[in-house]
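What follows is a short report on a single structure.
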Amino acid sequence: MPHSIPLLRPNPADPVPSYRLPHLIHTYSHLPTRAISHDDASMAYYSLAPIGCNLTEGFERRIEREDEEEHLDGLVESLEWLITRGRKGERKGGIITWRGMLTRLITMPYETRDPWEMTAIALDGSVYLELWDPPEEKAKRKREQSAWEKQGYMGYAYESFSTIPQEGRPGNGPEGWGGDVNTNVQWANVVRSAIGEIPLCIAGEVDCVKAEPGSPNPGLSGCMELKTNKVIQHPGHEAMFHKKLLKHWAQSWLLGIPEVVVGFRDDDGILRSQTTFDTAKIPYLVEVLNKPSWSPNRCLQSLHSVCSFLTKNVLPTDPLVTYPHIRGNRQAVKEAGELPPAVVWRLAFDPKKGCELHAVGEVGVVDGRWGGMLKEEYVRWRMGLE
């Protein structure tokens, strides 16, 4: 097994792979306790935020979720929930991951500052992909973010002013306030898609839906993404915003969210204006500029290139391929005394060097997680041992 495999950068002249329209297969909610409920309990309804509202509202009352590593738990639990009820889960031969991982892959051609690493393992015909976030990196990021804590909070406050929760708005808040921020609460969509011939199964948080409060889930066509940005005051601000539109487009496009609403705030956190963007049209807004800062074609080529790279190298190391007798064979596992190990891979990106993949080695069950990633009981279920 090669120690390290470099990823060749895609040729811009190559054909542009298509991105299949996402198909919603499941939704689930994180409740205020962070527990998962396989329903729309945490789905919120869009309501236009009042201009002039203060996006520092409720900062001292906020509840932030514990900084615990959840890996791919919500996504894989959803797949098990679907399949054990006779419904379709992922399509084999592709990648199962969070929307945030694919956002990094699709925007890679234009990332000039931040390196990252991801962990990949193969199981039951799919590559599972998550962020490699060692404790020292997490601590460093937390220190850096603490200086911008209030600015980061403004995005959550904008969501509160822009949404009506299932239980309705509290009666004691300012106009439009949807309730104090609790970052435990999330509503997530799970979709099937594909980049070219490579199947994708993706989960990601969705901010709200455009529907009457109290009405049922309208599906992907009613989903909306909410963002904040500083008021644009000069060409430099505008250029920065066009670059930010790349990430806004990628996040929404990957999950099939048709609209992005951006609230523009001043330095004091006061909402000054709002603009709604059609996700599919965002690339055209950038394309008409004299010097467009990004192209969706290069993004799609990048996503396909990395996904193809991963499936080609990681899928053959699936233990159900290398140890086919294990599937459903409880006796063999009992005699071995343990599950066959996962082959753990690391996908590393550096803006100056590009992307490379290397095998970390075989890792069994560590602290209840196979390969350090997937819960042991989920892996046993996938292997037909439950």
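Glycine too: its Cβ is placed from the backbone N, Cα and C atoms.
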Swiss-Prot divalent metal cation site partner of Asp207, Glu225, Leu226, selected from Glu149, Glu159, Glu167, Glu175:
Glu159
Can you tell which of Lys227, Lys281, Lys291 Swiss-Prot lists as binding substrate with Arg34, Glu205, Gln251?
Lys227
For Gln251 (substrate binding site), just count the other CB atoms lying within 10 A of its CB, please.
22
Can you tell which of Arg34, Lys227 has the most other C-beta atoms within 10 Å, given these are the binding-site residues?
Lys227
DSSP state at Glu205 (substrate binding site), helix/strand/coil
strand
Reduced DSSP assignment, Arg34 (substrate binding site)
coil
